[in-house]
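Q: Reproduced below are the annotations present in TrEMBL:
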- 1-418: domain 'Major facilitator superfamily (MFS) profile' (DOMAIN)
- 26-45: transmembrane segment (TRANSMEM)
- 52-72: transmembrane segment (TRANSMEM)
- 78-99: transmembrane segment (TRANSMEM)
- 111-129: transmembrane segment (TRANSMEM)
- 141-163: transmembrane segment (TRANSMEM)
- 233-251: transmembrane segment (TRANSMEM)
- 271-292: transmembrane segment (TRANSMEM)
- 299-321: transmembrane segment (TRANSMEM)
- 327-346: transmembrane segment (TRANSMEM)
- 367-385: transmembrane segment (TRANSMEM)
- 391-414: transmembrane segment (TRANSMEM)
Amino acid sequence: MAGIIGADNRFGRDFNRPDPDMQGNITALYDIGCVVGSIICYFVGERSGRRTMLIAGSSIMIVGAAILASSSTIAQLIVGRIVTGIGNGMNSSTAPVYLTECAPPSYRGALLTLQGTVTILGVVIAYWMDYGTSYTESSLQWRFPLAFQAVFAVLLVLQIIGLPETPRWLVQHDKYEEARAVTAALEDKDLNDPGVNSTILEIRVGLEEEQRGGPFRFKELFSMSETQNFRRLLIVISIQLGQQFTGSNMINYYAPVIFQKSMSLSRNMSLILGGAAQCTYLVGSAIPVLLMDRFGRRTLLMACTAGLCFCFVMVTILLSLGTTGPAYGATAFIFLFQLIYGIGWLPVPWFYPSEISTTRTRTKMQAIASGWNWMFVFVVVKITPISFDSIGWRTFVVFAVLNAAFIPMVYCFYPETKGITLEDIPLLFSKGGITGGVLTSKGGRTVVPHQHAREAHVNEKMGARRVEGVDEEGKVE
């Protein structure tokens, strides 16, 4: 919506030139739809499966895009935004879980980071499409960009139809043979390869340990027992807060408006710079594909946060001077902000909740993460036009201070998950203490790769099963 809303263009004329408050409503109510989609995933995601939820979410987005493109009133536009948001909320709650459960530990971070890069590619396409259609005076100026998002939803449906369920979901629902087939395909091994059997057995052992308490109950999320789910829940929520209150969506949603009003640039130049800033964002998002599994999640988050804080401090100083030259310098730091943000705070918060959650709670934790993320987006997007209308460039001061506060939060409480298997996840906070062992562990590594397999004696159990002639479903061959 950034290149469509908030200007005296065809969109403004068609919808009676909405004031800053209504602009915020039109933009931010999409995020409320995303929250609703995340809540839906919380209740039905585990039962329905990852593929089903992705197909359903994409189908709902197609309906929402049709409503948006045919809008004639603000009410219809808002309904379309909410419906599209519901579909996107379902997708954003499910896609990280699907990828996390399918990706091998050695390069899981790279694959999950690549998801963010592709997402930003979509943002870049949207920005430049907004700019291209701005030259027409018909309602095509805003109808075509809003309708075009359905194309990607259709492509996602077609892609998911040909993909299998995740091995962990299949094992959890007693579909062992399907799980073996999928695992063999993912690891590019023969169906009867010992490595495939070992992977399935470790998943089963981990799930059996998690399910000893019977069916999942909501109060488990607030448990501070050995697995410390409440600690995980707090991290899941806080990392979503960190992602949004760095100030990223202030830039992503309103960059052309900020360039035009705070930096006194023309509308055309503001649109060009908005699109260029997203191209910079795309470049930044590609960098951690190579760095995530080398330096880890914590290092990139903290380095990224320090850089973002510096950028907003410089923007504040330059805009406070109130002259054109320094305003151009502030624009350069906005670009640098986009580059740095893509390295850490863009990818990690989307997949970190899936990484630190146990299989028993993963779907629900990711749905909670997605819900809170979109609520925080709603807050930022809602207050941004009002804040710039009221205090102008001082808005950057608020986000600079928040970025500074996020560095100790990550350092003290966020464990490193680089390279560990998902079956190691329940052991993350076994050291206990106020920080769960994060502060006292070198690099925040509270668990080592394959620690669960060693403690559960998976290799010994595999040997015993071969001796006894027991197959993967527990039946004598």
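Along the chain as shown, the residues are counted starting at 1.
Note: Cβ is positioned from N, Cα and C throughout, glycine not excepted.
Bear in mind that the values here come from a model prediction, so they are computed numbers and not experimental data.
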Q: Any chance the transmembrane segment (233-251) and the transmembrane segment (78-99) are in contact, meaning at least three CB pairs closer than 8 A with a sequence separation of 6+?
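A: Touching, no - the transmembrane segment (233-251) and the transmembrane segment (78-99) miss the threshold of 3 or more Cβ pairs under 8 Å.
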Q: Are the transmembrane segment (26-45) and the transmembrane segment (141-163) near each other by the rule of at least 3 C-beta pairs under 8 angstroms (pairs 6 or more apart)?
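A: They are not in contact.
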Q: In terms of Cβ proximity under 8 Å, which residues at least six beyond the ends of the transmembrane segment (78-99) contact it?
A: 25-27, 29-42, 45, 50-51, 53-54, 56-69, 71, 111-112, 115, 146, 149, 153, 156, 166, 350-351, 353-354, 362-363, 366-367, 369-371, 373-374
Q: Using a Cβ distance cut-off of under 8 Å, indicate which of 52-72, 111-129, 271-292, 367-385, 391-414 has the most pairs with the transmembrane segment (299-321).
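A: Per the Cβ under 8 Å count, 391-414.
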Q: Applying the under-8 angstroms CB criterion, which one of 52-72, 111-129, 367-385, 391-414 scores highest with the transmembrane segment (26-45)?
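A: Out of the listed stretches, 367-385 contacts the transmembrane segment (26-45) most.
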Q: Taking residues 6+ outside the transmembrane segment (391-414), which of them lie with a CB under 8 Å of any CB in it?
A: 235, 238-239, 242, 245-247, 250, 262, 297-298, 301-302, 305-306, 308-309, 312-313, 315-316, 319-320, 352, 384, 435-436, 438-439, 444
